[in-house]
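Engineer: Supplied in C-alpha cells, the structure appears directly below.
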Amino acid sequence: MTRARMYYDEDADLSVLDNKTIAIVGYGSQGHAHALNLKDSGIDVIVGLYEGSRSWARAENEGLAVYPTAEAAAKADLVMILLPDEVQREIYNRDIAPHLGTGKTLAFAHGFNIHFSQIVPSQEVDVLMVAPKGPGHLVRRVFTEGKGVPCLFAVEQDASGRARATAMAYARAIGGTRAGILETTFREEAETDLFGEQTVLCGGLTALIKAGFETLVEAGYQPELAYFECLHEVKLIVDLIVEGGLAKMRDSISNTAEFGDYTRGPRIVDERTKAEMKKILAEIQNGEFAKQWVLDSQANYASFKAMRRREAEHPIEEVGADLRKMMSWLRP
C-alpha cells in the first residue's frame, strides 16, 4: 500500500496568484468559504451568480464584488465552479466557456464533470481541482482560527505549464496547506468520492440503518427503541471513529459491544457485500452511474424525485421526528 505525500505551506507559492483575479461561481457552502478565505489571503476575488440569486446580497454584504456569471468569467484569470454537479454543464457552456482562452484556468472542487466528459474544456486552458475534505462552514471557521482543512488537488490539463503550482497556491490561499494537501487525479477523486457515497457514507449507511430498524420493529420491539439503537446512536460511534479511528471506538465501547462487533459484524458485511461493492465500483468506473444520473436530470429528475418521496415516507422518519422533539440539544 503506497502512502500519499502531503504538502504544506512551504511547498506552495502564494505569489503565483499575484495580479490574478479569481471568480468563484456559486456562493453556497463551499463558494462562500473559498471566496472569503481567498479574500482574507489577499487574493483579488469576485463572485459570479445568476441575476436574482438570493446569495447576491449576502456576498456583497460580506465585502465581495458580485457579477452575473458570464461577466465574472470574462473578468477572471481563474474560474472556480462551485455549483451542483448536475447544473455545471449548462452554466459552463452558456456563461463560462465563451470567456475562456489562452492563459486562463478552469477549476473544480469535484472531478465528476471533467472525468465523465460532461464538460470538455478547450486545450488552451489549464484545468485543475482543489477539493477541501470538509463542508464549507468548517473550511471557513478553521481558516479564521488560523488553521485549515486538508484538501485534494489535481491537474487534468496543463496548457501553461503552471497549473500544478496554481492549484497548490489556491489550496494554500483557502487554508488547505496549513493542514496538508495531497495530490490526486480527477479520475481518482471522482471515482472514490462516488464509491464512498454510494456504498458506505450515504447508500450503505442508510440501507443498514433502515434494515436494522425494520428488523427490530418486525420482531415486535417498540419503534422508538429501534430508532435509538439503529439510528440515534450512530453519531456516538461515528464521532469516536472520526476522532481516533476504529481502535478508539473499540476502546471506548463495552467489552460486550466489542465482542459482538468482531463476531457478528462480518456476518452482516461479508464477501457477498464486498462483491456487490466491486460491481458498484465497476458501474462508476465505466460511466454507467454517471450516465444514469445525467439522463435522470435531463428527465426533470423523475426517478430521483420519486425515490426521495418514497424515502421520506419511511416509518423511521415519523418516529425520529417525534423523538427529536425530546432532545433539547438538537434545537437552536
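Any Cβ shown, glycine's included, is placed from N, Cα and C.
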Engineer: For the NADP(+) site that Swiss-Prot assigns to Tyr27, Gly28, Ser29, Gln30, Ser53, Ser55, Asp85, Glu86, Val87, Gln88, which of Gly136, Gly146, Gly148 is also named?
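Structural biologist: Checking Gly136, Gly146, Gly148 against Swiss-Prot: the NADP(+) site match is Gly136.
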Engineer: Could you tell me which three-state DSSP class Glu233 (Mg(2+) 2 binding site) falls into?
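Structural biologist: The residue in question, Glu233 (Mg(2+) 2 binding site), is coil (DSSP, three-state).
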Engineer: Counting other Cβ atoms within 10 Å of each residue's Cβ, which of the binding-site residues Ser29, Ser254 comes out lowest?
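Structural biologist: Relative to the other binding-site residues in Ser29, Ser254, Ser254 has the fewest Cβ atoms within 10 Å.
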Engineer: Between Gly136 (NADP(+) binding site) and His110 (active site), what C-alpha distance do you get in Å?
Structural biologist: 14
Engineer: Taking Cα atoms as reference points, which of the binding-site residues Tyr27, Ser29, Ser53, Asp85, Val87 is nearest to Glu229 (Mg(2+) 2 binding site)?
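Structural biologist: Of the binding-site residues Tyr27, Ser29, Ser53, Asp85, Val87, Ser29 has its Cα closest to that of Glu229 (Mg(2+) 2 binding site).
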Engineer: With DSSP as the yardstick, break the domain 'KARI C-terminal knotted' (185-330) down into helix, strand and coil residue counts.
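Structural biologist: Each residue of the domain 'KARI C-terminal knotted' (185-330) counted once, the result is 125 helix, 0 strand, 21 coil.
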Engineer: Using other CB atoms within 10 angstroms as the count, which residue among the binding-site residues Asp193, Glu197, Glu233 scores least?
Structural biologist: Glu233
